[in-house]
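Listed features, source TrEMBL:
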- 15-36: transmembrane segment (TRANSMEM)
- 56-216: domain 'Glycosyltransferase RgtA/B/C/D-like' (DOMAIN)
- 76-97: transmembrane segment (TRANSMEM)
- 109-128: transmembrane segment (TRANSMEM)
- 135-152: transmembrane segment (TRANSMEM)
- 172-189: transmembrane segment (TRANSMEM)
- 198-219: transmembrane segment (TRANSMEM)
- 243-266: transmembrane segment (TRANSMEM)
- 278-295: transmembrane segment (TRANSMEM)
- 301-319: transmembrane segment (TRANSMEM)
- 331-350: transmembrane segment (TRANSMEM)
Amino acid sequence: MTQVTTRQIPPLDRWVWLIAATVSAILLAVAGRYGYHRDELYFLLCGQHLDWGYVDQPPLTPAIARLAETIAPGNLTVLRTPSALIAGACVVLVALTAREVGGGRGAQLLAAALVATSSAAFAFGHLLSTTTIDVVIWLVIIWLFVRVLRTGDTRWALLIGAVTGLGLLNKYLVGLLVIGLVGGLLIAGPRRLLRDRWVLAGGAIALLLFAPNLAWQIANGFPQLDVAGEIASGDSSYAGRPVALALQLVIVSWVATVVWISGLVALFRRPEWRPYRALAWAWVVVVVLVLLGGGKGYYDAALLLALTGVGAVPLGGWLSRGRVVLRRVVFASAVVFCAVSDAVLMLPLWPASSLPDAVVAINYDAGETIGWPAMVASVERVTPPGAVVLTSNYGEAGAIARYGTVPVYSGHMSVADFGTPPESADVVVAVGIEDPAYLRRFFGSVERVGSVDVGVDVDNEENGAPLYLCRDPVDSWASLWPALRRV
């Protein structure tokens, strides 16, 4: 491919690195507060059963959890260190994206500040999750994609392919980004990129790296399709079209929303940014697919962050003309307000014993990091000697495996593959299964013996969940287990 432009771009301002280091340091400082998130407990459980795939995810995040647990068992700060560092990396990558489209020192610092103070950075930088790694993978790909558009040097596609392949070993959503970028090229060009030998070679690299997990999915009947269907039904957190639309406006911050929208509009309208217009169309394609598929509203978070970087360029111009002092004071005040409010909502700053209901209502994940040891203790209090525990979800199973002493099993996601109760197990404590009629399909006797108590007054998924003592399985566990499996 011939070069689009030979224009030199500004150097990356060194203060960007300081902003990135600051947000990582803040996240590390609070990493040990509260407790494990249910997903982290699941990743640790999966990490004890390393494989090339799991029902609902590829292997990378469980492998990282396994590594952290090997280095420092039970240490939340170590487990979450990769996430804190990734948040800092995202700050740098968005500033680099602003730089690629011509953003100088001011635009780069604006982009870095907007990302560093965003609810997205606080949320995915505080917990180890597949989303955390997915966001940085997307941002690396977007930055390299814009660089290819600027320079015409398609050899960068080899690195894009390698990063994409790594991303597919973490979360399949990176495929959505690829579809969006291809769609953007088909709509806005340059279409010749899609025939370029380096681009095709990059695609081959991605498929080669992805092959082990793809083989696992094929061998296991593509369980990820069932998981995707469950998400599309709206039964998962942050799923559903209305929620997806609403999250577009708040997932970065309300100030950054104005900025990313201005970046999107500028990509469509600025003649000098015509070479980068495929990025704007990529966002359109991705959002349309998320809405049509009933996906989660944060799936395109990385694109919104990248567009924030692009929007920082016109923002810098706006802040440098007219009533400059007033504009800058108003903007800085708005950023500080967003930073404080986002930190209060997304980071574990409140005492766990007095976490406001409003915080949990807005930030579902906050409530899912509180009370696991107390939950396990409440289960063990009603568990007779020799009984086993059957949980409704992987978080409960992971918590009991970590904090408890009783054997625990679950039909949820890949925990169902980690073992079934022994055939001698005829007394079971069922945790969190709301419908006793459902349990009577599997047991001759079902008696409620209590409720889960997480030790604090917080409205999370476990607090107050029923505990049932079940006896006399109606069939062998080998026969019952397929019906107990769920995604």
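Using the three backbone atoms N, Cα and C, a Cβ is placed for every residue, glycine included.
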Any chance the transmembrane segment (109-128) and the transmembrane segment (198-219) are in contact, meaning at least three CB pairs closer than 8 A with a sequence separation of 6+?
no
Given pairs 6 or more apart, does the transmembrane segment (172-189) have at least three Cβ pairs under 8 Å with the transmembrane segment (198-219)?
no
Give the nonlocal contacts of the transmembrane segment (243-266) in its own chain as ranges (CB under 8 Å, at least six residues past its ends).
110, 114-115, 117-120, 273, 280, 283, 287, 290-291, 295-301, 304-305, 307-315, 331, 334-335, 338, 342
Which sequence positions outside the transmembrane segment (301-319), separated from its termini by at least 6 residues, show Cβ-Cβ distances below 8 Å to it?
90, 94-98, 101-104, 106-108, 110-111, 114-115, 118, 120, 124, 131, 134-139, 142-143, 177, 180, 248, 251-252, 256, 258-264, 266-267, 276, 279-280, 282-283, 286, 327-328, 331
Chain residues outside the transmembrane segment (135-152) and at least six past its termini with a C-beta under 8 angstroms from it:
1-5, 7, 9, 86, 89-90, 93-94, 96-97, 100-101, 120, 124, 159-160, 163-164, 166-167, 170-171, 174, 177-178, 181, 190, 193, 275-276, 278-279, 301-303, 305-306
Please figure out which one of 15-36, 198-219, 331-350 racks up the most CB pairs under 8 Å against the transmembrane segment (76-97).
15-36
